[in-house]
Structures are given as structure tokens and as C-alpha cells.
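Down below is the structure, laid out as C-alpha cells.
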Amino acid sequence: MEFSKKTRELSIKKMQERTLDLLIIGGGITGAGVALQAAASGLETGLIEMQDFAEGTSSRSTKLVHGGLRYLKQFDVEVVSDTVSERAVVQQIAPHIPKSDPMLLPVYDEDGATFSLFRLKVAMDLYDLLAGVSNTPAANKVLSKDQVLERQPNLKKEGLVGGGVYLDFRNNDARLVIENIKRANQDGALIANHVKAEGFLFDESGKITGVVARDLLTDQVFEIKARLVINTTGPWSDKVRNLSNKGTQFSQMRPTKGVHLVVDSSKIKVSQPVYFDTGLGDGRMVFVLPRENKTYFGTTDTDYTGDLEHPKVTQEDVDYLLGIVNNRFPESNITIDDIESSWAGLRPLIAGNSASDYNGGNNGTISDESFDNLIATVESYLSKEKTREDVESAVSKLESSTSEKHLDPSAVSRGSSLDRDDNGLLTLAGGKITDYRKMAEGAMERVVDILKAEFDRSFKLINSKTYPVSGGELNPANVDSEIEAFAQLGVSRGLDSKEAHYLANLYGSNAPKVFALAHSLEQAPGLSLADTLSLHYAMRNELTLSPVDFLLRRTNHMLFMRDSLDSIVEPILDEMGRFYDWTEEEKATYRADVEAALANNDLAELKN
């Protein structure tokens, strides 16, 4: 379905003419999830995003649908249970996006180690029980030191005592956002990026009835009326709540910055994702992950009070990560000059909430009695003297300072909150990308209750656990063969096998629409056929307005294909210029945007 600059203009026009049931401010993963469920449930839905979709936090994650094994150090079972359950749901509704990728976790005998081999085994067995993969080929394995080094011979040998392998999944975070957005558009939502909420509309009683918005492309200011407005702006949540300039000024959010660095795979060759302690005794862990022909690693976790739109990688961030990675991979000797790309993102943590990210933070402790009982039960389970039900009973009796009962009752998912201010504004904040659907579901339950009670508007919510995103109309049990069939269709349209498979995996059930463009398009000068098709599909069906949108978020060219990027920037500018009829001045502006984004990702300031 068309989702383009033209439909954007039409959506802005319609938003001015109607009273919406729900207006969503924020087009990251949280807002995208709410938009999909609202539109599919029949609500008159609008969404505005001041940047591009996923430009903030939601395209700057570690790019995993991570199960949170680390939380089991404190046997924080609720968060892991929720996370692996939601991960399974994402596999159902977006089966072309998460890809299984077993994680290697080496264990070192050192101060501050997260796991001993025994604790790791207990944690992995619990993890498998929660994920439902016990006694399957995906079940965990405990490895000896030699077995770890056989898998990853370039790891540091000193202090290594063994390790484990457990099931995890890689993710394309920005694609997950756009596929939710596209499905909402398909179901009738009115959606526009580069539109900023600058204030609220109020009735005589002080209740919010809409927003004053600015189209950042035309500078047009207009009003959008809505029965309910929900704020899903992540790190910007406080700023949006404070737009009313009435009463309390909110300071709920405590953003932290996470940095990832990308190098060529020749600098660190990893055959699978690796997850290990920093070795600094700071209680944190770091990922090293293969992607395309690159290796990336992260993340940092530092409090952040700077520019929310443009968080930057600092020398301190680089030194921290390079020190850790060079220690664990002593033959790598990576320097800042080896870094090909990078990104810095902000986690929308809620101040005072016990849930940090899955790489760090103190998630509390459990009592010695609870721990000893659990260990004894798990040992008996492993020797077949106890049942899974016995383990689950022991888990349920854990006395944890981070138990769900200690969370704010407004939480709709671990680490998230749903609040309604006196003026009627709803704010859905916090959480993790894996939990986005559950967060949206909790918010939508509240939304339909309010619409019924206060506006006599009745809606029946969809079952969002089975409702596919755009591109997700695949049989989850047969994804590989369906993707293969799409790839062969691409080959029949003139693509080589590698390109066809790349696009089939990227677009899922939308791949035939991408390949069909080959009938009407000529290959753009300087671009491959695959890039030509992908670019035109992005402009026509993914509301892609700039080269940076395409290179950084609709695809991963800017992050993981740095070698070939310089050669396609000008051809992309030319092709987008032809499509959008840009003037030379407009093209120069977009060229400058690309150069600025590349300089930022390449760490040009730090290297000079």
C-alpha cells in the first residue's frame, strides 16, 4: 500500500479536518506499536513524529531481541519470563525480522564475575524452561575452556574457565518500527513524520482536546483535534508533558546513553555473538556481534543530560569499549582509526524504576534461603529427581527485592509506566524494545476504557499477539522456505542470488512488491538493481524523504556497509532528486545532511 510523501500530505490534511479518537505523539517503537493496535481495532488514529520514524532511540539499540539472561544472576525471573514470552510473540507477528543466533558466554575466574560455571548452568536451564526450549536442539550447552576456544580461538585464554551457549535472537530495530508503522497506515491510521507537537489544545475545563503541530518541512502550523492524546516520545516524554505549561513540571525520565562501535570483521572475527563481563568489576557485560561483514560491540550505560536529538560518541566512550574488547580479544589491537561506524542512543529509563538495561544496573538480591532452595531444586531437576513444576514452584517462592510486586502499579511492562495527567494526557514511557507490543496492549486497554467511559465510543481490541506487522504475513513455522521462495522470485526478476536473499529477508512478505518494481523501473545509474528497487520501494511505500532516512534506517548501509557507501551516495542523491524533483539547492542540502551523518558515525571529530 502506498505510504509516501503524497500520503503524508493527505494525512496532514485529514488530521486537520477530523476529530481523532487517538493522537499518538512519537514514531519510535512504542508509538508504532500503539498505532498498529489502535488502527487495527477501528479507532480513528493519528500519529506524528518530529524526526524520521525510529530516528531517536528505536534505531540505536544493540539490535537484539534479547532474552535478558543476565537478569537471572539475581534470579529476577519475572523480567526474563516476560521478555522471552514477548520475544516469541514478535517471532509470530514479525517472523522475517528476528533471526535466531546462539550466544556464546565465556566465563572468567575474576573478581566481580557475573557467573560462575555452575551459576551459568542454573541460569541457562531456567532460561530454557522459561523460553520453552528445554530438550530441543536450541537448548543451552555448557562448554569447557577448550570448547570455548574451539568456537572462538581469539578470546583471551588467561582466567577462562569455560562458558555456555544459549538461544538468542538478532533484530533489525528500525525495520521493526517501520513495519508496524506501515501496517497502521494500511489499516487507516493518519501518519506523518517531521511534524512536531508544539503545544496542546484545551477545553474550558482544562482537558486536552488536541495539539498544535508544526510541519517541519513547510513550517505550516496547524491544529489536530483528538479525544485522547498519548505521549510515546521516549526520552522526550517529560518535554512533551511539560508543553502544557500548567501546574507540575515533570521530570520522570532518566535517560542513559548507550554507544556501539563497528569495525571490519578482519579486526575481530566472531563466528557467533559473544557476551561477556567487562572485566572491570563494574557489574556490566558487553556484546560483540557479527553483522554483514562487520563486527560491532557495545554498549556503554552512562547517565545523560545533553542534547536528546543528537547524542554523541565521546572519547571516553571509545576508550571504555576499546579497553574492554582489546582485553578480551588481545590479538585485535583495535584503535579509533579502525572504527568504521558507530551510534549513540538514549535509553528511556524511568527514574526510580528498578529495571535497568540488560547489560548493567543493580537489580537487587535474593535471600540466601531462597537461593539455596532454588539451587537444590534445580540440581534435583537436572538429575531427574524433581519435575519442571517443582522448579517453577521454587522460582515463584524467590524473595527478591526486584520482584514485580515492588514496581509501580501503573507499570504495563517491566520498566515501563502508563500515566494519565490531570489534563487527560496519557504517557507511555520506559520499557525495552522487546516489550513494545505488551506495552502497547496495556495502553490500548486503558484507551478503550476511557473512550467508552468519557466519550461513549466502543471498540473491541484485536488480538495483537497474532496480528502481523507489514511484511510479517508468513507462516512462522515455515519462514525459511517462504523467504527462499521470495528470493527465487527476485532472481527471476534479474537480481543475483545474494541480492535477492538480502531483500527477501529485509522485506518479508512485501518482497514480491519490491521485486515487481523491476517491471517498471530502469536500473538507476551508479546503483545496483537491488538498491534501485529498494530505494524506490522506500520512497513509495515507506515514507522515505531523505538519503539519510534510506541509508541509516530503511537499510543498514550507513552502519554495516561502509566500504561501498561512498560510491552510492551521489547516485542515491541523483535518483531521489529525480523522483522528488529537487532543485540543485535542495540536493545540496541533502548532500550536506549525508556528509554530517557520515562524519558523526565515522567519529571524524575524535579522529582529527
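From the backbone N, Cα and C atoms, a Cβ is placed for every residue, glycine too.
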Annotated stretch (region 'Disordered', per Swiss-Prot) among the listed ranges 289-314, 393-418: 393-418
Site of maximum Cβ density within 10 Å, from binding-site residues Asp21, Glu49: Glu49
For Gly33 (FAD binding site): intrachain residues, at least 6 apart, with Cβ closer than 8 Å: Asn180, Tyr436, Arg437, Met439, Ala440
Sparsest Cβ surroundings (other CB atoms within 10 Å) among the binding-site residues Gln37, Ser41, Thr45: Ser41
The one of Ile25, Ile29 whose CB sees the fewest other CB atoms within 10 Å, among these binding-site residues: Ile25
